[in-house]
Each structure stands twice: as structure tokens, then as C-alpha cells.
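Beneath this line is the structure, given in C-alpha cells, with notes to follow.
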Amino acid sequence: QSALNLSTVSEFVFVGLSDAPEIRLLLFVLFLLIYLATIAGNITLLVAISTDSHLHSPMYFLLGNLSLLDLLCATITVPKMLGALLLEHKKISFSGCLLQHFSLITAVGTEIFLLTVMAYDRYVAVCHPLRYPSIMSTRLCAQLALGTWATGLLNSLLHTSLVFTLSFCGPNKIQQYYCDIPPVLALSCSPTRSRELVILLVAGVLGSSACAVTVVSYICILLEILARDSPGIWQKAFSTCGSHLTVVCLFYGTTICTYVRPSFTYSPHWDRIVSMLYGMLTPLLNPIIYSLRNKEVKCALKRVISWVRRAL
């Protein structure tokens, strides 16, 4: 029965962001520039972290993983959208849609857990500075990073199996520019309520757990700052945690708007805007936020840029 279900619809069609040719061209140029800037920013940050010995620490190892995830998030969705805007290649095969969905949910889930690990890293840096090297050892960092990727992968396997083993036998127009959970579920001709509840439950438990660890980490940081009450402590703490806190707020804000709600509240036009905020602006802004707030990253980026100039 499941094989029959999977073969009913062989392809999906993305509904374009705009049908007006002049608007499509403008959007193509705008999104292409944002995508190229995202790729350049995150690759530059990765090169800086890997080549600069000053950045060979747990914080920057985790930041490198974040940049890699941002590269993946943008590359999974944006090229297909650009093709739809310029060439009107709006079709995607069932297996292509499944792969895109699986890859995206893996990247999103991994990023949630990685930001949680980064919050714990900042907690150790502020509350246990003398023990920081021994607590956040290279071995522990590698294990935590591997754990985030493994959890993101398993979470995505569950979500993808729940969505793509449904029956798809009628409409195949996805009201989005990529294969996301709500618009794909909306096309199923099987009852989806029980699977939606499982998806919401799993996402809720994992997401709320990650969010709780992040919040508790920052509450402990705040209590530590208030307990010390020494001159310049607020500025030092903000320089240590400001970038991560900004990225967390940006990520959770857009992710909650995109995913944490039932399907009856789904609005195609609003969702496209929110998805673009998450899928394009977040990966673009993350390296900017870290480079603006961190002197070590600034210096490393300047060295990389000057090296590229000399090479050219």
C-alpha cells in the first residue's frame, strides 16, 4: 500500500513568488546577491576559523559548525528558487522533494541543538573561566558537535517518514518555494491530524528542551554577573555572549513563526515571507553578527581578505 501511495504523485510544482516577469527578474537579482553574500560570508568565516591559530578554541569550533549549517540551509533551498524565478523551472520530483525536505529539516534541527551547545559553552566561559579549558576539552567539543548532527539527522528521518509516507493523489502545487512540512502536508489526501500531532509533539519536546537549556544557561550567566558585581563585568559578559544571544533570538524568532503552529493557521503569502527571513536572512546575518561583535574574528577575517587580495 505504501508503494502505491508513493507512486501516485510523481512530481510537485512550486507556486512562484510572483507571476509578473519584471518583479521576478528583480527578485532573482536580489535573492542571488543575498545568496552570494551568504556563501561568501560563511566560507570566509570557515576559512578564518580553520587557518587562524587564535581561533582554534571550542567557541570558534562550534561557530564553524554553525557557518557550515548556514551554508547548507541556504544551498538546499535558494538555488531551486532562483531557477523558478528566472527559468520557471518550478517542478521537482517526488524523490527530489523528499531529499530537499530531509536535508533542510536535518540542517534546521542540528542548528537548534548546536545553538544550545554554544549556550552551554558561553555559560562555562563566564561562570567557570578558570576551568573552561578542562571542561570544554577538544574531545568533549567533538562529541557535542557529533551529537548535534546525529540528533538532527534522526529527527529529520522521523519527520520525513511521517510526511512522505502519506498518500498524495490530487493537487501537487506547493504553496512555497521549497518542500517544507506545512505546504506538503496540505496536499495529502490522507488524514494528517495524527501525524501532525506526532510532528508537533516531537518538535515541541526537542525544541522546548533545547530552548530550556539555552534559557537556563543565560539565567546562570545573569546570576553570576549579579553576584560578582565588579566594574566592567556587564561589558565583558556582553562581549562574550552578545553575538550568540543575538543569533539565538534571530533563529528562534523566525523558526517559531515558521514551524511552531498547527496547519489551520497556515497562510501561503505570510509563510513565504517568514520562510525567506529564516532561509535567507539568518544565514546571511550570522557571520556579520559574529564579525561585528568579536575583535578576534574581525582580525582573522581581515587577514583572510588581505590574503585573497594578494592571491588575486
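Placement of Cβ uses the backbone N, Cα and C atoms for every residue, glycine included.
Taken from TrEMBL, the feature domain 'G-protein coupled receptors family 1 profile' applies to 41-290.
Residues annotated as transmembrane segment in TrEMBL: 25-48 (among others).
Look at TrEMBL and you will find 60-78 (among others) tagged as transmembrane segment.
Here TrEMBL flags 98-120 (among others) as transmembrane segment.
The transmembrane segment annotation in TrEMBL covers 140-158 (among others).
Taken from TrEMBL, the feature transmembrane segment applies to 197-225 (among others). Outside the transmembrane segment (197-225) by six or more residues, the chain places 109, 112-113, 115-116, 119-120, 122-123, 126-127, 151, 155, 158-159, 162-163, 181, 233-234, 237, 241, 245, 248, 252, 259-260, 262 with a CB less than 8 A from a CB of the stretch.
Marked as transmembrane segment by TrEMBL: 237-261 (among others).
Sequence annotations record features per position, and here TrEMBL assigns transmembrane segment to 273-292 (among others).
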Model confidence over the domain 'G-protein coupled receptors family 1 profile' (41-290), averaged pLDDT: 85
Stretch in 98-120, 140-158, 237-261 most in contact with the transmembrane segment (60-78), if contact is a CB pair under 8 A: 98-120
Contact between the transmembrane segment (237-261) and the transmembrane segment (25-48) (3 or more Cβ pairs under 8 Å, separation 6+): no
